[in-house]
Structures are given as C-alpha cells and as structure tokens.
C-alpha cells in the first residue's frame with residue numbers, strides 16, 4: 001500500500017511538472033494531447049486505467065495552472081505604461097542597495113483605480129529615497145508616482161532571462177521612483193505585522209554583532225540566505241569551490257535544526273518540543289523570506305514531524321513529491337527558476353545515490369558525494385564551470401557550518417532575550433571568518449575551477465535519467481528478473497525524452513554567421529566563419545559594469561564557443577574596446593587587433609576575410625578618437641558586412657571620396673555608425689553602401705540614440721532596421737536565396 005502511494009505521488013508530481021513545462025513551451029500542443037491520451041486510456045487494461053486517469057488529471061492540472069498564471073499575467077499588460085501615474089502598493093519585503101532600497105510590493109491601486117483582488121500582482125520597486133531601518137516598511141502601504149514596465153527578457157540567446165527569473169518569484173513588473181509616502185499606520189494585516197517584527201529581530205541582531213562589515217555580509221548569506229551585502233570576490237570564492245550552497249538556507253541548515261531537536265528530545269515524542277520546533281521553523285523561514293529552498297526544507301521536516309506523530313514511516317521521495325506539488329500549485333513558474341531546480345535535484349540525488357554509495361564509504365560522505373557529483377552536469381549547463389575540488393572543499397565547510405548554524409541561532413535567541421548576542425555571537429563570527437578564510441585559501445582565485453561550455457541539454461538529460469534509472473529499485477528488481485524487454489523499453493524512453501530536450505535546446509542563432517550581441521549601449525558583433533573560427537568586432541563596455549565578464553563570457557560559453565580566435569576593436573572608446581579588454585582577463589582570446597590601415601586584409605580561409613577600409617593612416621594627434629575609428633568589411637559565407645565603428649558624417653564623406661567608382665563600400669549588412677547618431681549614416685553613404693539590413697547596437701541612453709532622422713533615412717533607402725535595445729541580439733543567417741534575420745525579441 002505504501003509503495004503504491006509513493007509511486008502515485010511521484011507520478012503525480014512528474015505529470016504536474018510535465019503539464020507545466022508543456023503548457024509553457026506550446027499551449028496548443030499541451031492541450032491537444034489530452035483527448036488522444038484520454039482515448040488511449042479507454043483502451044488500456046482496467047487494472048491500469050485508474051492510475052492512468054489519475055496521472056492524466058495531474059497533467060491537465062499542470063497545464064491549467066500554467067495557463068491561469070499566464071492569463072493573470074496578461075491582465076497586467078495595462079501596467080506597461082509610458083506615462084507617470086499614481087499608484088499604491090503594500091510592501092512585502094525590503095532590501096538595501098548601493099543607491100537606495102529595493103521593495104517587493106503587491107499592487108493595490110493603479111492610476112486611481114483599485115486593482116481587483118485576483119489581479120493584484122507583485123512588483124519590484126527601486127527607490128532612491130534613503131530609509132533608515134528599512135525593514136519597518138514591511139506590511140506598510142506606500143503611495144508613489146512612477147511608471148511600471150515588464151522586466152527585460154534575455155538580450156542574448158541562452159543567457160540569463162531576468163523576466164523569467166522574476167516570474168519564477170511571482171513578480172510581473174518593475175519600476176523606479178525617486179520618492180514615496182507612507183499611509184498612516186493602522187489596519188496592517190496581522191501576518192504582515194508579525195513579519196515586520198521578526199525582520200526587526202533579524203536586523204537588530206545583525207547590528208549587535210561585533211564583527212566587520214565583510215563578515216556581516218557572509219553572516220547574512222549563511223544564516224538568512226541574503227547575499228546582497230556580500231563582497232563579490234568572497235561570493236565568487238564560494239562559487240568556484242562548489243560551496244555556495246551554504247549561502248542559500250536549505251535542507252543543510254534546517255537539517256541541523258532538526259538534528260538539535262532530536263538530540264534535545266532524545267528521539268522521544270514531546271508535544272511541547274514539537275510545537276516549539278514548528279514555531280521556530282516558521283519564525284526562521286520568515287527571517288529568510290521563504291525562498292524556494294527554505295520552503296522545500298521546512299515542508300520536508302514538517303512531514304517528518306507529522307510522520308512521527310502518526311507513527312507512519314517517512315519516505316523521502318514521497319515527501320519530496322508532495323512538497324514539489326505544493327510549491328508548483330502555488331507558483332507554477334517556480335519550475336523554471338534555478339532555485340527550485342537545484343534545491344529539488346540535490347534531494348533527488350541524496351535519495352537515489354546515497355544508498356548505493358554508502359556501501360563503500362561512510363553515509364555522511366556518501367550524501368555529500370551524491371549531491372556534489374549529481375550537481376556537476378547541472379552546474380556545467382547553467383553556470384558554465386566545474387569545481388574540481390568541490391568534495392574536498394565541502395568537508396571542512398560543512399563541518400564548520402554544523403557548528404556555525406546552532407551557534408548563530410543560539411546567538412540570535414540570546415540577542416532577543418538579553419539584547420546582546422553574547423559569547424555564542426563571538427563564536428559564530430569567528431567560525432564565519434574561518435569559513436571565509438578556508439574558502440579563500442582553497443579557491444586560489446579560481447585555480448581549481450574550470451570554465452566549460454554548456455553541454456547539450458539532451459546529454460545532461462540522458463546522463464541524469466540513466467544514472468537515476470540504474471540506481472533505482474525498479475531497475476534493480478527488473479535486472480534480477482532479467483527482464484530485457486523492460487530494460488529496452490526504458491532505454492527507448494530515455495532516448496525519447498533526451499530528444500525532446502534536444503529540440504528545446506536549439507535556437508535559430510545556432511545557424512547564424514553573424515550576431516549583433518546585445519551589450520547595452522555599445523557595439524559588439526560576433527562572426528562565425530565557415531571554418532568554425534570565432535571573431536569579435538568590438539566588445540562593448542561600461543565604466544560601472546564588467547561587460548566582458550558578465551555579458552560576453554556567458555554569451556560565448558552558453559552558445560558553446562570555447563575561444564575567440566580574433567578580436568578587433570574599431571577604436572579605443574569605452575563602449576567599443578573595454579569589453580574586449582575585460583574578456584581577455586577571463587576567457588581565451590588568441591589574437592587582438594587594435595589598429596590598422598586601409599588596404600590591410602586578414603584572410604579567414606574559405607574565401608572569407610576582414611578588409612580594413614579606414615583609416616588611411618592612424619593620427620594620434622587628433623582629440624576625437626572617432627576620427628581614428630577603423631572601418632571593416634567582413635565577407636563571411638558570401639555575406640558582406642560593413643562595420644563602421646563611430647565614424648562621423650565627415651568620415652563617411654572621405655570614405656566616399658576614397659572609394660569612388662569601386663564597390664568597396666557595397667554591403668548586405670550595415671552596422672550603423674555611432675549607435676544611430678544623427679551625425680552619421682548620411683543619405684550619400686547609405687546610397688553607396690546600399691545595404692539590405694542595418695543593425696544598431698544601442699541600449700538605454702541619454703544621447704538620443706538612435707536618432708529619428710537616422711531611422712528615417714534608413715527607411716527611405718529601403719533598409720530593414722534591427723536594434724538591440726528592442727529586439728535583443730540580432731542574428732544573420734546565410735540562405736541560398738538571400739538573408740534571414742533572427743532576433744532574441746525583448747518585447748513584453
């Protein structure tokens with residue numbers, strides 16, 4: 001009976017996940033398979049029919065949950081306004097930023113109209129108004145004037161999708177305000193009031209700790225899962241060692257709490273102790289703002305406690321399935337968040353791999369190895385690195401964590417009772433500093449972590465399915481029975497599922513020979529030659545943001561480019577060259593060209609080449625670097641691409657004079673000069689170049705780029721215009737009958 005229930009719950013959770021995933025990728029297909037499935041079920045044997053109907057119902061439930069979420073989201077489309085209007089919202093949580101605060105709110109009224117209760121969506125509000133003790137805003141209502149917009153989706157293929165990340169947290173819109181006012185106190189919901197009091201306890205505890213700000217940043221991450229105040233280099237040390245999971249409050253932390261509870265009760269039933277544990281779990285969960293990992297861990301422990309109370313055997317897979325269903329029914333888009341995926345994958349591998357490994361090594365080490373080994377394919381695919389010393393690094397870190405969490409929580413309770421963390425606080429801070437030093441020592445600035453391109457999703461799926469199947473009880477039983485038909489059927493199913501993942505992994509950009517990469521306000525074009533060489537023409541760049549490390553490197557690794565064979569900068573302005581310079585520090589770039597003269601040619605093989613058309617001779621005496629901007633014409637797979645840097649109208653006139661009577665400026669694709677400045681792309685130049693396609697590298701800016709008159713001139717010349725601020729990355733695909741343009745559309 002218990003075995004049947006476990007299989008039913010696991011099957012129900014899987015079908016709910018399949019329904020949500022299918023509804024996301026194709027609503028029509030996901031609904032279209034329901035009737036054929038129902039017809040097929042009618043023809044199955046009666047002893048299996050009930051189970052099949054049960055599973056189909058959960059699939060339908062998943063599809064409908066996803067569709068209902070989409071409908072609610074569509075109801076918020078009216079908030080994508082360009083005009084500033086008055087709004088009211090309830091503050092759910094607050095975080096500090098360098099330039100102000102970030103508030104997660106629930107929208108109550110918009111432009112003077114009350115928002116219906118079922119359509120009250122969550123918004124993320126950035127405010128420049130300084131607020132002391134900002135946690136006091138929790139539960140309060142704020143009035144402000146501003147505009148809301150949908151978050152940016154991924155600008156480049158396969159890269160981080162901010163919109164999907166926020167949606168997995170239930171947030172639909174973002175906005176920025178300079179000031180807001182509070183509604184007078186009173187009428188606050190009891191839950192919001194309790195949450196504010198608990199967060200106040202957390203912040204007072206943090207203020208009372210006698211350690212430096214760097215250590216406090218780690219304390220926030222370690223004890224409350226808040227890494228916003230952590231030093232970036234310290235966080236990278238944790239990442240490269242494979243120990244960053246200790247900074248996301250999860251089963252490790254909650255498990256330590258449960259271990260303390262079991263020691264105190266000596267495994268005997270105690271109603272007061274159990275009630276105290278449940279209260280403290282909710283108290284602690286509120287302090288961590290109920291992230292997915294905390295929610296999962298708390299629900300699992302509550303199921304353990306419930307099983308003890310009812311004298312029922314606890315089954316981890318059964319509990320995990322029920323927990324996943326509860327999380328996804330509440331927020332179906334949580335399925336697409338890395339937090340949900342990592343949290344549940346880790347427990348799945350503990351459940352499946354630990355029993356097999358503990359035959360050879362101690363159980364604690366087996367569980368650690370199961371998690372670390374199991375997460376390698378996911379980490380490689382999602383984050384493009386593999387921590388080589390992950391297991392070795394986790395041994396001391398987890399040992400210290402097992403001491404730090406009880407010490408930290410003891411210090412927290414003493415702080416509440418006595419107004420000071422006392423000796424446990426000193427011990428806790430000392431342990432945190434030891435963990436930080438240990439990570440720094442083992443990291444060696446990423447020496448033992450290797451960057452990898454994202455493996456094919458089909459391969460990741462096949463590896464996971466094969467491993468989980470071969471260590472499962474079902475496989476063991478069937479192997480003992482020598483049931484070859486079942487094993488062959490399982491192999492076919494694994495292959496089929498992997499092929500489905502393969503189709504979902506492919507993007508149109510895989511066939512592009514040129515991609516205008518979205519680097520914000522800057523230029524970067526990626527050329528992929530017929531021989532497989534990767535070339536970058538400019539690399540964007542910003543003074544306050546590391547474009548090379550945070551945009552170009554992920555773009556290249558996620559799209560499976562192992563190195564840049566040639567990088568050329570049109571000129572040395574920040575928004576063209578800085579990104580290339582930053583990229584060279586963290587990624588293999590074989591050759592860089594920063595200057596050249598007209599007439600020089602770089603042969604790429606297969607009839608492909610980069611020709612330098614300008615300048616005739618670099619002039620270092622000029623103040624305007626744009627006048628030294630190199631102009632390239634790239635020929636790749638039969639397509640001619642003219643890259644014009646930041647050349648001005650005067651520069652265009654000189655180019656026309658030099659190449660008069662030739663077709664040197666003729667092109668199929670024009671990289672519009674100076675981000676679409678009004679002073680470039682003259683009618684005479686456009687007529688001489690006669691491009692079919694124009695691409696503009698541009699982001700949010702105060703320069704007026706691209707200028708309306710420039711866009712009008714391009715339109716008058718019959719040129720199709722694509723711009724990265726609206727359409728994301730722009731890919732050019734060579735076809736037998738011409739060009740095809742694909743975009744990573746950024747619309748709402």
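In case you wondered, yes, glycine gets a Cβ from its N, Cα and C as well.
Unlike curated entries, TrEMBL annotations are predicted automatically.
Copied over from TrEMBL:
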DOMAIN    521-700  domain 'Metallo-beta-lactamase'
TRANSMEM  12-41  transmembrane segment
TRANSMEM  53-75  transmembrane segment
TRANSMEM  273-306  transmembrane segment
TRANSMEM  312-329  transmembrane segment
TRANSMEM  334-354  transmembrane segment
TRANSMEM  366-386  transmembrane segment
TRANSMEM  398-418  transmembrane segment
TRANSMEM  457-474  transmembrane segment
TRANSMEM  486-504  transmembrane segment
Distant-in-sequence neighbours of the transmembrane segment (312-329), which means Cβ under 8 A and at least six residues beyond its ends: 2, 5-6, 9-10, 12-13, 16-17, 20, 61-62, 65, 292, 295-296, 299-300, 303-304, 306, 335, 340, 344, 347-348, 350-351
Cβ contacts the transmembrane segment (366-386)/the transmembrane segment (273-306), at least three under 8 Å, sequence gap 6 or more: no
Within the predicted model, mean pLDDT of the domain 'Metallo-beta-lactamase' (521-700): 93
